[in-house]
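Student: Below you will find the structure I want to go over with you.
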């Protein structure tokens, strides 16, 4: 009840934020569509065209992606729960990775990449599951409250406008993005001839570093939120750090979104497997990680605007702590204790 009450009191502020966010979402969708048109041309003109095996793998991946788009769209329309893609965000990359490993004859490099994706996906799925995202009726589960607010906006009336938004952005855009940021494996498949070397070890170390960073950040956030909502449910007065309403200790004292930093770092490092295999530091599969960076920039903007509207001390936190990458000399939290006379 406490959580529902707080959310209801924040709806008015959130709605004003969402007016601006709708335009951001539509702009991002246009970027994706443009990318989908440009990438094939870029690949053909500036890269080595995909071979027969790579095209077979890509066709299989596109069938899976197409099925997922159709499923998420249809189920979302029938149930009015548009968070279907969220449930498969951490699962689909595992499927894509092992499909590409299969087409790569399970070479050491392909197995290594698929194993890293699996480790990432299992951890993220667990983190999502403990928040109540999965049910026995797999089409159910909590919906992102932002979708409900957006559905009621005049911009999405009559109903068919929301249906198109669901098809092209919620179900379409996000599913295609999931496929795109795993496609460095396709480039690796194309050039996977040399044995594993020192650069593969370096890239693996980078992925593991950011994976651990994301894990620790999520665990710190989970512990904080669990205790905060326990106090709220018990009707107890919030004290100390819980009175602020947001976490600013641990990794969150040096980065406002250390979990986002970890997620972005994982997939940027993952891209470099394709650079190592192909010998080309820049290839077309970089598009996936770049679009992911854009997504997290927009997502963090949205969440921070909500937080700043709910928590009085959040603006000072924004001024003190960097959004993603920590500073070498972070600003200290001001001492609010009165000076002695």
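A Cβ is built for glycine as well, from the same backbone N, Cα and C atoms used for every other residue.
Given the structure is predicted, the values throughout are model-derived calculations rather than measurements.
These came from TrEMBL, pasted as-is:
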| type | residues | note |
| --- | --- | --- |
| TRANSMEM | 30-51 | transmembrane segment |
| TRANSMEM | 57-76 | transmembrane segment |
| TRANSMEM | 88-104 | transmembrane segment |
| TRANSMEM | 110-129 | transmembrane segment |
| TRANSMEM | 162-186 | transmembrane segment |
| TRANSMEM | 198-217 | transmembrane segment |
| TRANSMEM | 266-296 | transmembrane segment |
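Help me see these features in their spatial surroundings.
Tutor: Non-local neighbours of the transmembrane segment (88-104) in the same chain are 53-54, 56-57, 60-61, 64-65, 68, 72, 110-111, 113-114, 117-118, 120-122, 124-125, 128, 174-175, 178-179, 181-182, 185-186, 188-189, 192; each lies 6+ residues outside the stretch with a CB under 8 Å from one of its CB atoms.
Long-range neighbours of the transmembrane segment (162-186) within the same chain, counting only residues 6 or more positions beyond its ends whose Cβ lies under 8 Å from a Cβ of the stretch, are 25-26, 28-29, 32, 35-36, 50, 54, 57-58, 61-62, 65, 68-69, 72-73, 76-77, 82, 84-85, 88-89, 92-93, 96-97, 100-101, 104, 110, 113-114, 117, 147, 150-151, 156, 267, 270-274, 285-289, 291-292, 295.
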Student: Who are the chain neighbours of the transmembrane segment (198-217) in space, where the CB to CB distance is under 8 Å and they lie at least 6 residues beyond its ends?
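Tutor: Those are 109, 112, 116, 119-120, 123, 250-252, 258-259, 261-266, 269-270, 272-273, 276, in sequence order.
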Student: Grab the same-chain neighbours of the transmembrane segment (110-129) for me: Cβ-Cβ under 8 Å, and only residues 6 or more beyond its ends, written as numbers and ranges.
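Tutor: Same-chain contacts beyond the flanks: 86-87, 89-91, 93-94, 96-98, 100-101, 104, 182, 184-185, 188-189, 192, 196, 200, 204, 207-208, 211, 214-215, 218, 222, 266, 270, 273.
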